[in-house]
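Undergrad: Below you will find the structure I want to go over with you.
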Amino acid sequence: MFQRLSSLFFSTPSPPEDPDCPRAFVSEEDEVDGWLIIDLPDSYAAPPSPGAAPAPAGRPPPAPSLMDESWFVTPPACFTAEGPGLGPARLQSSPLEDLLIEHPSMSVYVTGSTIVLEPGSPSPLPDAALPDGDLSEGELTPARREPRAARHAAPLPARAALLEKAGQVRRLQRARQRAERHALSAKAVQRQNRARESRPRRSKNQSSFIYQPCQRQFNY
């Protein structure tokens, strides 16, 4: 830019162009509010990449591809500033984020009924018990499913006891509800009211007063 101004004022001849030096393809530069805007001419073609393979002889040479984007935008200083309070806030990972990954015992996929083998106990499937011949996958499948069946067969008695207790509680609740409905029925209430209103009958033997006839007076 300063060379252009100096050439306009002092009329200094421009330096000779070197054929080996690439041409400048920028025709106009402008800086507005920290954004550098560069305009490229329409006739600019992208230089061929050095690693590109040469085109075969049977194909025509490809047409020069013009650059689709003629504007290059650089971010303003507020995005590239460094220091406290100048740049964007950087999020730091918390050490508690990988808690479940670092501690598999807290995973929700761990089942409670796991089989723990004692250090002195023999393995459930020793190598000596296996035959020397090759076995197919169908013959090995039952042997692999035996530990799983034993694992699920252990809590069956406890589950049966819980179901029996739940059945007893349900029967007691039904009997209690039936008694309450019977006590609150209309006929039962009517019988209770009639029993309260009715007076007990007195027997003749209980009366101690004896009625005697009075003396009659005849007027002749």
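Every residue gets a Cβ built from N, Cα and C, even glycine.
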Undergrad: Swiss-Prot annotates one residue of Ser136, Ser198, Ser203 as phosphoserine; which residue is it?
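TA: The residue tagged phosphoserine by Swiss-Prot is Ser136.
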Undergrad: Candidates are Ser14, Ser123; I want to know which one Swiss-Prot annotates as phosphoserine.
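TA: Out of Ser14, Ser123, Swiss-Prot attaches the phosphoserine annotation to Ser14.
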Undergrad: In Swiss-Prot, which of the ranges 26-41, 74-89 has the motif 'LIR' annotation?
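TA: The range carrying the motif 'LIR' annotation in Swiss-Prot is 26-41.
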Undergrad: Need one number: mean pLDDT over the motif 'LIR' (26-41).
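TA: Across the residues of the motif 'LIR' (26-41) the model's pLDDT averages 66 on the 0 to 100 scale.
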